[in-house]
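Here the structure comes first, spelled out in structure tokens, and everything after it is commentary.
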Ligand SMILES: *Cc1c(COP(=O)(O)O)cnc(C)c1O
């Protein structure tokens, strides 16, 4: 039996209707921007394997550090004990974050990083007993993960439909722009002292369709929240670690969020790891002689030493002199190509921020995530040796930073072919 056949017998894949799923492609090797299947076919990983892989596959520096860590300490319980990789990662990460982040709380993925952030905010109001506040504000098309809390603060969609009745109530607001900013601020003012926190993806909403909005309006929303003591959570799970052209998307803000959520690019895409960071004000609200004010949250693999080591190695590469110029090079190429194709009759919109380039296909009436066009495009690019995974009619490129110009040009050229032929 082939690996694909064995897979079909025993595996249930994520986000996949298993009834008519195409055979899953067996990948046997990764190298830089490429993935190789069993038959030796090469694919350019233009979506960084679900946005996690920032430095390319099987990076030798990460591999070396992780192997050494594996032979020294693979894991240890993180309550009552600590270890060098966890402490060092926190020491290096906190000063890199915008604002005044003081503490790191470890989990093991993006959804749990969001869960912890929400719990920190809700319990902040319980612990300080200032007011009972339990409302949360989020964006209508947000995506914050697939666990129940993270789903609750995500937009209601085909992902959440079967569970909507059990998701907690959230005040959803539109993405801010020049026209509606006054109205959004008025809504926050009106809700003011019922609201515990505002959670947002800074400047780019990922899974919700790679929607973009301007930093100046987010600044105004955060400012309004701060006037009412509403805590703010920046979910940088997708945007963190250079994706939007800065190390963190929130560097474009003049206001400072209270909490950051990180995962995806954190380990360079090597291992699962989640981080929730907070400022002193949040941390202090949990300091007490009263045991009930403890943050009772943890996971078996919290702060796994191998994952922390992978993150330290990934940070070495991110901060090395080659990476920022690479990010700037991709940004410039994306801009050139965006200019070239904007106004194409088959495109409703072309938008770009840093290393993210987004093209929204014209579909007439059927513009849903489930549109037929999506599969056509997906298979077209796969046939050309490019992994692009459209969100419905929305194609985006989100490559590892080491991708070379030749491969970028090949992707652009293939997109142009798709625009002409599909
Ligand atoms: C992917 C994502 C998450 C969830 O992370 P997982 O590791 O997949 O659970 C949360 N927030 C944002 C913005 C994301 O893009």
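Yeah, the Cβs are placed from backbone N, Cα and C, and that goes for glycine too.
In TrEMBL, the substrate site is described by 143, 264, 298, 389, and among 50, 361 the residue recorded at this site is 50. Pyridoxal 5'-phosphate binds 110, 111, 299, 300 as TrEMBL records it, and from the list 169, 174, 235 the residue named for this site is 235. Closest to residue 264 (substrate binding site) by Cα-Cα distance, out of the binding-site residues 110, 235, 299, is 110. Within the group of binding-site residues (264, 299, 389), the Cβ with the highest number of other Cβ atoms inside 10 Å belongs to 264. Selection of the binding-site residues 50, 110, 111, 235, 300, 389 by a Cβ distance under 6 Å from ligand 1 yields, in sequence order, 110, 111, 235. Comparing the binding-site residues 110, 298 on other C-beta atoms within 10 angstroms of each C-beta gives the minimum for 298.
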